[in-house]
Amino acid sequence: MKLTCMMIVAVLFLTAWTFATADDSSNGLENLFPKAHHEMKNPEASKLNERCLDAGEICDFFFPTCCGYCILLFCA
């Protein structure tokens, strides 16, 4: 009986928490994916457009863009 009451209270609490912290639904689907929407406006901002460097090419130690690892300024 106690377990049932605790489960009911937990479900009611989680339901109330969901409604209390939910965003305003008046926007509908407008702001559902704000980052993806921003990237569609600026396709150069997408990380999918970046090309990784092949093995043997020179890489930057602090910002490596290798497909594998950057070892001694060369992609491995």
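The backbone N, Cα and C atoms fix where each Cβ goes, glycine too.
Annotated disulfide bond per Swiss-Prot: CYS52-CYS67 (among others), in sequence order. According to its DSSP assignment, CYS52 (disulfide bond) is coil.
Swiss-Prot lists CYS59-CYS70 (among others) with the feature disulfide bond. Over all protein chains present, the Cβ of CYS70 (disulfide bond) has 19 other Cβ atoms lying within 10 Å.
Within the same chain, the residues at least 6 positions away from CYS75 (disulfide bond) whose Cβ sits under 8 Å from its Cβ are LEU53, ASP54, ALA55, GLY56, GLU57, ILE58, CYS59, PRO64, CYS66, CYS67, GLY68, TYR69, listed in sequence order. Residues or ranges marked as disulfide bond in Swiss-Prot (evidence: similarity to another entry): CYS66-CYS75 (among others).
The signal peptide annotation in Swiss-Prot covers 1-22 and is backed by sequence analysis.
Within 10 Å of the C-beta atom of CYS66 (disulfide bond) sit 18 other C-beta atoms, taking all shown protein chains into account.
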